[in-house]
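For reference, the structure is listed below as structure tokens.
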Amino acid sequence: MTLNTVLSGKNIPEDIYVIIEISAHSNPIKYEVNKDLGLLFVDRFIPVPMFYPCNYGFINKTKSNDGDPLDVLVHTPYPILPGSIIRCKPIGVLNMFDESGEDYKIIAIPHPKVCLEYSSINDICHLSPTLKQQIIHFFKHYKNLENNKWVKIIGWENKKNAEKIILSACEKFHK
């Protein structure tokens, strides 16, 4: 079985499957799943000595505005191995722009059946202010030393908007 066969979720948009590409707090290496092969490749080494504050991955069978699957940051008590699939619930979205255009980062936590620790978190407003600041700081600066790459942070949006973005990305994929 390859990652290409993974569904978008159990009950879209409230219950999603996220394919993890980069573990939280890991070395500054950008991994991406090759969409044709369904295998994890090293995309590039990030020249800024920073680590992802959360696990980073995507929802399969979605298409965002840049043509790639929809990006997701998953806050967990422990880092998740790249290539793993985790059942999640979205709680919000970080809206930003980069050199490719509008770029959404869905923020999710493990589904309560996977981890009870975050069961009281139902929206981005329930997430720790420190973690939200770390996420913004990371995305503001992780491309700083790369030529012709930039990021502009727009701000946070709630769970309802995250779910709309997920539904839209699923529809774009199936067109």
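Quick reminder: no glycine exception, Cβ is built from N, Cα and C everywhere.
For the substrate site that Swiss-Prot gives as LYS30, ARG44, TYR142, the extra residue drawn from TYR17, TYR56 is TYR56.
Among the candidates ASP36, ASP43, ASP103, the residue that Swiss-Prot names alongside ASP66, ASP71 for the Mg(2+) 1 site is ASP103. Most Cβ neighbours within 10 Å among the binding-site residues TYR56, TYR142: this distinction goes to TYR56. Listed in sequence order, TYR56, GLY57, PHE58, SER64, ASP103, TYR104, LYS105, ILE106 are the same-chain residues at least 6 apart in sequence whose CB falls under 8 Å from the CB of ASP71 (Mg(2+) 1 binding site).
Here the Cβ of LYS30 (substrate binding site) has 15 other Cβ atoms within 10 Å, regardless of which shown protein chain they belong to.
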